[in-house]
Amino acid sequence: MVGGQSASLSDTSVALSVRGLTVTLPDGMERSHAIEDVSFDLHRGQILCVIGESGSGKSVTASTVMGLLPRAIQATAGSITLEGREIIGMGREELRDLRGRVVSMIFQDPLSALNPLMTVGAQIDEAMAAHDEGTPQSRRQRAIELLTEVGLPDPALMYHQYPFRLSGGQRQRVMIAMALALEPTILIADEPTTALDVTTQAQILELIRDIQRRKGMSVMFITHDFGVVAEIADSVVVMEKGHVVERGSAAQVLNAPEHPYTKRLIAAVPHLRQDDRERAAHTDASGAPAKPLLKVRNLVKTYRSGSAFFRTQRIVPAVQDVSFDVLPGRTLGVVGESGSGKSSLGRLLIRLMEADSGQILFRDQDIAGLTEPAFRSLRPKIQMIFQDPFASLNPRNTIGRSLTVGPIAHGVPAAKAREDAKALLDLVGLDARAYGRYPHEFSGGQRQRVGIARALMFKPELLVADEAVSALDVSIQAQILELLDRIQRETGVAMIFITHDLRVASQICDEIAVMQKGRIVEFGRPSRIFFSPEADYTRELVSAIPGEQLDDKTAAAATGGRQSTQQTLQQGTQT
Amino acid sequence: MSTTDFTVTPLPRWWQNRVVRKFFGHRLALLGLVMIALLTLACIFGPYLLPYDSLYIDLRARFAPPLTGDHYFGTDPLGRDIAARLLMAGRISLLVGFFAMLLATILGTFIGVVAGYGGRVVNAVLMRLVDGFLSFPTIFMLLALAVALQPSPIMITIIIALTGWMEVARIVEAEVRSLREREFVLAGRMLGLSQAHIMIREILPNCMGPIIVAATLTVARAILLEAYISFLGFGIQPPLPSWGNMLNGAQQYLGSAPWLAIIPGAAITIAVTSFNFIGDGLRDALDVRNDNF
């Protein structure tokens, strides 16, 4: 249903209008159309969120509007009206002139979108020079203005910096400055915060909203995260498999979704749980408190790069004096931002790296000091689920081989291993026929199920899940979390769940350790950590979680926070 | 609790098909493949079909130009049939090229994998060894070895292989270094697989693309090197013919009987360029980054 279709074409309040847009894929792809009959309006001065899972066609839509489609695929039907001008069928040069001047784009990964060999200033300058804008002096001045505008510290110095010197958040600010260089009326943001930490994400969202208000720009914001939608959207378009399935105002779509797909997506968004998991008070059969399965004491790991001899050594403390216990059948969450040392900690525990000092007591045996051959017999007891389902399976091995290679190397007869593997494929919700297939035939979620099955082949006592659901779509994420929960109930395996997403952690963990710069800054039950955090850093993390006002229970707290940020924003604008 | 309806969706095995399709879409590569196939078949079966034996000396028909009677490519200063000699020489030259490639690839792959997967010290020692070998002028080393050792076809093959493995080693080392940090290799370590198992069965199959490309280009290089040292008289020794020593015999008659040089020269050119085309085609076909999609 397309509301007000004819009216909007002449309506000057519409900055970008897309009608019946269809992009055809070449033969032999999974589907015949990347997007089909997509229509929506971006109103002037509004933020329109296009949301959908991977493969929904949201990025293709953005690329089509920018005229940046790869040569192999083309828009075959429909129209795109940009500020009253039809751009489908427009010549290359004309289109190039529109890009940057009328519409510009910021990308997901600011590291690969910036040229590593050019200074920040030169890149902003280039954006203007390409459109014959201003003189070198005026461009330079404008670039510094822009760097100030996007909130970068010391803009005059920043002008001469190379991208590698900046943090992820700073790079994204530079991207935004570049996009703003020619004062476009429309900004397209393709998942601009997905690669960033929560606290940085919150800052960038605030910046985009702030700039949009100040300049009265129209923003088309592409995301897969309903939390982000709740933070910034005025109106929403929901896409599924190349089709628009629902559109409306943000409040309408978020509070009263109509399409089952939208409902499913919204239901899948993880929220902070108020209550702790039931098994929190765990005792063994006799009623006495269970003995810890794993005790970590004063673990230290420092990365050294360069050479001490040439005095070029850099020392990065990754894990500093970390201690905790894990009880059998329970889940410990390790949360923190990138660089907090949480992944290093996980790799230390399964001995993919050697600790510098400290103890890892597994069933009271110190495994930190064991040699690799001595530890080999213990490896089956401690297994890991990896982050990237696309990288963690050998593309040249069948699923069956990936599953059975470990047990066979440990002396399990091949026939027995094959039987176990098929049983586990069933347990993780995959067809037994998957056994003979190759990883590229499966989706990300399915591959992650294979990764879980592989970790379970040995009937481990401890599972370390390193960002196990971070690379997955929300709806798949929810299914995998459910699967892990079920496996824990059925097998009694203890888990260490490493994640940057506090909402996910609160779903599945019995205890949570918050890490910052290699140290555990806070440890406790999820309800206490999230609802009455003690450490400043934890408070910062919790307040940065996007879209928590969706959750009724936390509505009051979150809106309070939002209002205060808006106030500061307004103050910022006035000054 | 939402139900999970995960069934395996069978996708076409497009990856394999894509490489084949892209290779066959590469015209020069296809041409190279056809030329090499023809050349190989001719060298295998040709000598049995030709009317003259390669060693049959007919002093009455010395210096016959091409297309004289049944001497399709003419005869040489001893009246031997050039067509027959060319095909017999082709057997030697192609075999030397192929086996030199095989040896160089195996040696280079082995050193590359060990250097790439090994620790800092192993890597430093092996890669400096590679640098050392690379810093010798190839031709000089080849000639020196050929003079010092008995120049039988097998020895020539080994000598050429010894000067050609470094490139493969470098390519494989770089590839393995990037693969060893991939999660599936970490997963192998987590499962407790032995280092040899991880290197050979997990990592190596993932480097096959670059190895095949390098191997193809090595064949071309080996054929050229064999021709080079045989031309200078240090390679395959007469009466055993090779393309290189046929050129050697031809140099004093360049003015009077140019076909003596042109015909083996053309054979070398065709073989070398064909292998290079195949190598380029394979490189493009196996390179995902060149994809429009």
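Cβ atoms are placed via backbone N, Cα and C, with glycine included.
Annotation source TrEMBL lists domain 'ABC transmembrane type-1' at B:90-279.
The transmembrane segment annotation in TrEMBL covers B:28-50 (among others).
Here TrEMBL flags B:94-117 (among others) as transmembrane segment. Taking Cβ pairs closer than 8 Å, the transmembrane segment (B:94-117) reaches residues 39-40, 43, 123, 126-127, 129-130, 153, 156-158, 160-162, 164-177, 179-180, 195, 198-200, 203-204, 207, 211, 214-215, 218-220, 222-223, 225-226, 236, 242, 271 in its own chain, all 6 or more past its ends.
Non-local neighbours of the transmembrane segment (B:129-148) in the same chain are 111, 115, 155-156, 159-160, 162-163, 165-166, 169-170, 173, 225, 228-229, 232, 234-235; each lies 6+ residues outside the stretch with a CB under 8 Å from one of its CB atoms. What TrEMBL records for B:129-148 (among others) is transmembrane segment.
TrEMBL lists B:154-172 (among others) with the feature transmembrane segment.
Using a Cβ-Cβ cut-off under 8 Å and counting only residues 6 or more beyond its ends in the same chain, the transmembrane segment (B:211-236) has close neighbours at 92-94, 96-98, 100-101, 104-105, 108-109, 138-139, 142-143, 146-147, 151, 153, 156, 160-161, 163-164, 167-168, 171-172, 242-245, 247-248, 268, 271-273, 275-276, 278-279, 282-283, 286. The transmembrane segment feature in TrEMBL is assigned to B:211-236 (among others).
Remote same-chain residues near the transmembrane segment (B:256-279) are listed as 28-29, 31-33, 35-36, 39, 63, 65-66, 73-74, 76-77, 82, 86, 89-90, 93-94, 97, 213, 216-217, 219-220, 223-224, 227, 243-244, 246-247, 249-250 (criterion: CB distance under 8 Å, separation of at least six residues from the stretch ends). For B:256-279 (among others), the entry in TrEMBL reads transmembrane segment.
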